[in-house]
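Asks: Dumping the structure here so I can ask a few things about it.
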Amino acid sequence: MSLGGILASALLAGTITVAPPPLDRPAPAAPAGAVTLITGDRVVVTGGGVRVEPGPGRPAGFARQVIGGHLHVIPFDARPLLAQGVLDPRLFDVTQLLQWRYGDAHRPDIPMIVQSVDVPGARRLAGLGMATLRIPKKSTAQTWRDLTGGGTRALTAGKAKLWLDGLRPWTLDKSAKQIGATEAWKQGMTGEGVTVAVLDSGYDPDHPDLKGVVAHERNFSDEPDIRDTVGHGTNVASIVAGAGAQYRGIAPGARLAIGKVGGRFGATDSSILAGMEWAATEVKAKVVNVSLGSPDTPQLDPVEQAVNTLSERTGTLFVVSAGNTGRAPVLSPGSADAALTVGAVGGDDRVAGFSSRGPREGDHAIKPDVTAPGVDVMTAETGGAHAPFSGTSAAAPHVAGAAAIMAQRHPTWTGRQLKAALMGSAVPTPDATPYEQGAGRIDLVRALARQVVAEPAGVWAAFPWEGKGERLSTGTITYTNSGDAPVALDLSTQGAEVLKLSSQRLDVPANGTASVTLTIDATGKAPGDHVGVVAAATAQGEIRTLAGAYVEPESYDVTITAVGRDTDEPGAYAQLYDPKTGAVRTPVFQGGTARMRLPEGRWNLYAEINEPASVTVTHTAVRVDDGDQRITLDARQGRPARFTVDDPTATPRNVTDFTVGLGPWSFGWREYADPSKEFYAVPTREAGLRYHLRSVWDSTTGALYDLVDHRAGGFPADMGQRAERAELAKVEATFLASGVAAQGQPYFTPRFGEEPGNEIYATLPQAVAVPGTVTYYRTPGLTWASAWVTDTSDVRDSGKVMKRGRTTEVWNAAVTGPSFAEPNGTRTGDELSFDPGRLFADGVEGRTGVDDAATGTATLARDGQTIAETALAGCLFQPCALTAALPPQRAEYTLTTSMRRQVPHTALSSSVESVWTFSSARTPKTKPLPLIAVRYAPAGLDAFNRARPGTVTKVPVRIERNPGASQAKVASLRLEMSTDDGASWLPLPSVPTASGWTAVVPNPRTPGFVSLRGTATDTSGTTVKQTVIRAYAVG
């Protein structure tokens, strides 16, 4: 089926209900950057907020929501596909895309994985029914139209899907003895003759511990060769089969197949898939170690599918790290059924605090499966040395090595049998639950000694709520005896009343099998998890099989029907939010109706009913407690929202911006549409329900009206605002030029207690020629944040409350330079962190600024010796960070930042340099660095930031301190000027004022530029020497 046909049909068919992850409380802003979405729309994130730029020819409407601390921006036409499971939600997770360096600053394409589709140019993974491709960002808008417009055939058995080719981060001297490997070696069991594949970051071919160990290697990453640039793969490989004299791997006789699937930032899904297929089908590895992972969801992702498919098809055992997320669920692909998933324990067998736990997302099945040593394990590291290594990434290769030893003992066993043997013989930690440790810490001595293996290694059932009805599931546990003598088993269940066995004793013949029926009976049991063990006692010890059930909470079917104002089957979108648990559910509407199953409780239902001429919003409380129910959303009950202004020349723009929230849940959207499209709201009262509705108007006088209705307590019958200019905040904004005529775009957004930095700027981009002035009328009483954006720079403030009446603003005023309007630079313990790119704030107090075109360096020196250095470039759309590990004792440091720019929109501040000196010692908690900045505000400049030749310019000077740092007084200030771009300097006289100082600058008699240099020292000993070349113009 064509990709276009699949997506187009998905828009018309399918009723899969998707339950997104619970919505967390407000989180920090997404990292700065620009991201082109699969739809062709571009999302630009700066510290001041989020701008959405519709792709060429795109219908513009966007939803914004923070889910799990991540900012999602979802175009309206993608929402049905997401709800039906056709599209990967990560395609619209702006935070994740930027964290993975998938933003526009780092890559020109969008990497994708597709299933059950034929796509020209895709690289097929034939054995998995998938393909990978990269869609150039410059053509994504057209590609999206092709994808969603290609036919109306039905979705093929629900198998077709498009995933983001995501990134998965990388998640020994005493540990070998801890799991019994040293005893296995004494028996001659070293993994000889067994191939173990390690899919990781490559390896160090020159490390002595890995010499002669690697039999196969292949590079699937974007890096040029197999060499390990991270160190992770070398660590893992040495734990599996290192041949060092001092530190041996668990299976030193095994041979390794090294598949490099990633580098510094992790591994892409497509590289992992290709590596897995190579390892299982080409190399025919008996065991594959995968020490990486990403957050799991209830649905199967491509890597989970591949683990299950290749395990079944080839008999390979995939050993996967559980993850290092502590109490959070096990990561994918460790969540796959077939994976042998490994948590970490310390030397005392206690589960490590960082080790990920169960239950598994969705069905609450038991994961991890086993544990192994993963705390301070000595491993080989790149460069030939050894170092301690902690994490489930270290635990998994212990188990992979153990599996290789078991495969040497039993060469005909499948991966499923190896998994069962290691789980069945594991030693549980007494105070840990199966959700923390699975079957327990592996024990090779016990595993090698056992004649009998139980399959499957775990039995699980998940029961829907059916009132007081029967909840029964039956399965079979088969015991296989590989010995030459029969074995008698005494069977029992432990820890869960839902487990019932058909027999308490079983005799397993020599080289034969015997089975017992396990009935899981949860009838009448309380909702939740019922976890236990089936134990088979033998003369050689106990064989343990994990078993249990999950009973769904009391739940019922809810049918939601949308009734249109003008159409019979309107478009609809809804979210149901549980204020008690934070869970969010998104029903799928087809033909105006959606059906879904909801747990008992109080849910808040927010919905939009979209029709060609109108959109209606509604909110209602839904009580799910006693049987199925039907809910009708009737757009005809909506009351019109009206904005008016007493300016007969004013007309509304084609944009509607709406946000609704209740407690920590909030949902917002923005649509560009015909201004005649009406907005309606169904009146409702709901304590705590808040909303804001925003309308932007132009007028022939050049004034712009930004009107906001922001209230709480429900949706009123009179939503909107009847504005009178005399009652609004009138802002007369002046936009100065930086020595040359140019243009830029101002952006403004009101803040309503949302998390700063995640707001969407709703004002349409409006190019303003500079120099120029614009008059804005805004709703007073709200905090308005503003930004001035050119082709490469971004200057912004943190917002201020607008009051009724006239006020003025000036943007782009000289002198542009470093600012501490926001905190920058900290020491935490012995780690220093500083953002050196914030050197281009305009001269107005309270603003910060970055120029993406500026380049330079930042260095940190201690007692004259450089200890850290970083190149600076592209600091608007990627983090420019200087970090350094410092000694605990107090020392003198010199921090230097220097950047230059040559851009068409400005002739000023072509070079900016700051040199700070300060003392610092270890801090018990995060402490701001004692940094200061010299700020200038020349008076009397013209609209181009020019002084007249031969005149005198008074320059008010102030000192800004890093917020939260010492407020030591300024002890001295020396000011200098240059008219030859810093080739020579002259001292400037200055006089103290109430707010700082005023310098008197004699301007040259001919056109040119004045550069300024300030050197300040405070009473704590901190100094700064700050130089701005071409601070303002003369002409």
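For all residues, glycine too, the Cβ spot is worked out from N, Cα and C.
TrEMBL: automatically predicted annotations, no manual curation.
I grabbed these lines from TrEMBL:
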- 191-440: domain 'Peptidase S8/S53' (DOMAIN)
- ASP200: active site, charge relay system (ACT_SITE)
- HIS232: active site, charge relay system (ACT_SITE)
- SER393: active site, charge relay system (ACT_SITE)
Asks: Please give me the CB contact count at 10 A for ASP200 (active site, charge relay system), counting all chains in the structure.
Replies: 28
Asks: Enter the number of other CB atoms within 10 angstroms of the CB of HIS232 (active site, charge relay system).
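Replies: The answer is 30.
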Asks: Summarise the model's confidence over the domain 'Peptidase S8/S53' (191-440) as a mean pLDDT value.
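Replies: Residues in the domain 'Peptidase S8/S53' (191-440) carry a mean pLDDT of 93 in this prediction.
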Asks: Round to a whole number and give the Cα-to-Cα distance in Å for the pair SER393 (active site, charge relay system) and HIS232 (active site, charge relay system).
Replies: 8
Asks: Run through the Cβ atoms and count how many others sit within 10 Å of the one on SER393 (active site, charge relay system).
Replies: 30
Asks: Round to a whole number and give the Cα-to-Cα distance in Å for the pair HIS232 (active site, charge relay system) and ASP200 (active site, charge relay system).
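Replies: About 7 Å separate the Cα atoms of these two residues.
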